Amino acid sequence: MTQASKQQRDILVTSALPYANGPIHLGHLLEYIQTDIWVRFQNMRGHNCYYVCADDAHGTAIMLRAEREGITPEQLIDRIRQEHQEDFAGFHIRFDNYYSTHSEENQYFSEYIYRQLKDNDHIATRKITQFFDPEKEMFLADRFIKGTCPKCKTEDQYGDNCEACGATYTPAELINPRSAVSGATPVEKESEHYFFKLPEFHDFLSKWTRSGALQPQVANKLAEWLDAGLQEWDISRDAPYFGFEIPDAPGKYFYVWLDAPIGYLASFKNLCNREGIDFEHFWKKDSSAEVYHFIGKDIINFHALFWPSMLHDAGFRTPTAVWAHGFVTVNGKKMSKSRGTFIMARTYLDHLDPEYLRYYFAAKLTGGVDDMDLNLDDFAARVNSDLVGKVVNIASRSAGFITKRFDGKLGKVTEQDKLKEFIDAGEQIAEFYEAREFGRAMRRIMELADIANQYVNDEQPWVIAKQEGQDDKLQAICTNALNMFRLLMTYLAPVLPKTADAAQSFLNSRLDWNNRAALLENHGIDKFKPLMNRVDMAQIEKMLDASKEEMPAAVGQPSAAPTADLEPVAEEIEFPDFAKVDLRVAKIVKAEHVEGADKLLRLTLDIGHGERNVFAGIKSAYKPEDLEGRMTVMVANLKPRKMKFGMSEGMVLAAGPGGKEIFILSPDSGATPGMRVM
């Protein structure tokens, strides 16, 4: 093992529990892919890392859906759990245990924690008034009440907020309220509820939220909530309800959000019982193990306020860290069924390779909570350029010569210094993975891939192969290149597990991060088979078509404005005028904001024989981190221009009307910095 991984760590990792009431979609998958990559990395480094999850299987919504389908809630959640597991497996998400909150273990821990809170005098009871459906004989949550918005008078709005004007209100303020379950007019009715005395944990939470367990942005947000004052948390619901009944409280059930995070304990306990793992070692108060929760930023309050308080009061350890991520947009907009961008996991798998999405998400993920845009044009371009055009290309250009000319046997490594750079880069890449800065890791890996491709381009094995007496040189070139490829695939293995497995088989060698310095020499390999195909935009279009739901035109609504006319073609020029323009392929080495500039980004461009500094008016459409490592096209012989912010030494090519609709041009895969655009 390397120095960085000598100390074996015991790590438990969870993702938020998907609700057992519907399918997995691409917005969900960001989190599970992010978590799976991190867990696979930890295991590659030799750590003892477990990944558990479960379906969140309780609540009114599940009870009502099962009723509509004429089945029991148990039958519904069993079916949905099977569907979820199949979807996750399709994306190579590898859980050590995938369980359900509707389990004996979860009931035990829910009751145990509740009794501890009660014994510590942190449970209160009091009567509250709620809307009640007289036909279904059930209390109604805000989302099960509809009526007319009291502010804008839009009909058919939910009981807590208006989707038309954004107003928030109480169900009692709705005009003409009705039950969304039966259609009956609800009545107000009193009921005794159980509350967790969260305000009594203010001092504990003030310290814990600043202990390093949260990202700075999250800790700052929670500080605002703590300053505003915490409220007691209603942890009970009235029958009928699908869930666990509260001990000694007939007809009262634990609210789904009480037993959902407890599902982490239950799923891990189930794994421990099956595999003989010491549960207490991970969850006792003074545990030396590490526990990490990956979640979406919309459920921070449950995981960073309620959950640590419950654990602390019940005698368990608190999480080492809770890491939140942002939401997914598609093509710059909220996922939409009418546009076909509300894409289900199964629909994606029917059309595209899951490792495309794993790589694209990894290439854009940071350790922060910013939202992520899945731009489908960029998705295709990046996968084709990075994975097919760079990484796989190295093996496909080298392996054939080894198989045909040298009976599948590698020779001696002759580029030790170059390979040392690849080996040494593993520690920096490991640091990026550890910090969940996957985008930075991918950019560093692609920098190495560029070096490997440039090496093959410079050495030209296809030319050497035709020369007499150059067999040793040809074998050495291909041996060097395939060792570079092996190191790249080692670093990409957490992101591309299936491709990594195929690479291991082809190379007859395990991809071992900690022993990566052991190079392949005089070693037999198998015949190379294509590892990955290019993304075809036609496949993406078919996926979007399959995801679309026809939306009827709203009565009385004006039709959308017609698309603006395209800008007319400019007047003709003579060819000699055009020939004066020197267009070159350029790699964006660095991209950064320009202080004081609203529209500009500063780009450092590698054009093969030096770097150029260019100011580009593309800030409205691109984040700097999304540009670094990409290939583009620039006007290389444009006279440098002095600007307020510095000297601009060229111009990158982009299309679009402006604003968010600016699209920088990218060359096809295989193009390298400095190539002239013909």
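A Cβ is built for glycine as well, from the same backbone N, Cα and C atoms used for every other residue.
Keep in mind that what you see is a predicted model, and the values were worked out from it rather than measured.
Listed as Cβ neighbours of the motif ''HIGH' region' (18-28) (distance under 8 Å, sequence separation of 6 or more from its ends, same chain) are residues 53, 55-57, 59, 61-62, 65, 76-77, 80-81, 83-84, 87-88, 100, 327-328, 330, 335, 342-346, 348, 357, 374. What Swiss-Prot records for 18-28 is motif ''HIGH' region'.
According to DSSP, C152 (Zn(2+) binding site) sits in a coil region rather than a helix or strand. The Cβ neighbour count for C152 (Zn(2+) binding site), using a 10 Å radius over every protein chain in view, is 12. Annotation comment: Swiss-Prot describes C149, C152, C162, C165 as Zn(2+) binding site.
When the motif ''KMSKS' region' (334-338) is classified with DSSP, helix, strand and coil residues number 0 helix, 0 strand, 5 coil. If you look up Swiss-Prot, you'll see 334-338 marked as motif ''KMSKS' region'.
Annotation source Swiss-Prot lists ATP binding site at K337, citing sequence analysis.
What Swiss-Prot lists as domain 'tRNA-binding' is 577-678, and the listing cites sequence analysis. As a summary of secondary structure, the domain 'tRNA-binding' (577-678) carries 7 helix, 46 strand, 49 coil according to DSSP.
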Checklist entry - To which of the binding-site residues C149, C162, C165 does the lowest count of other Cβ atoms within 10 Å belong? => result C165
Checklist outcome for this item: Students should find that the Cβ of K337 (ATP binding site) has, within 10 Å, a number of other Cβ atoms equal to 13
Checklist outcome for this item: Its residues classified by DSSP, the motif ''HIGH' region' (18-28) shows 3 helix, 2 strand, 6 coil
Item to check | Local confidence of the prediction over the domain 'tRNA-binding' (577-678), expressed as mean pLDDT | outcome: 82
Next on the checklist: Measuring Cα to Cα, how far is C162 (Zn(2+) binding site) from K337 (ATP binding site) in Å?
Outcome noted: 20
Item to check | Cβ-centroid neighbourhood (8 Å) of the Zn(2+) site, C149, C152, C162, C165 excluded | outcome: P150, K151, K153, T154, Q157, E163, A164, G166, A167
Checklist entry - How big is the gap, in Å, between the Cα of C149 (Zn(2+) binding site) and that of K337 (ATP binding site), rounded to a whole number? => result 25
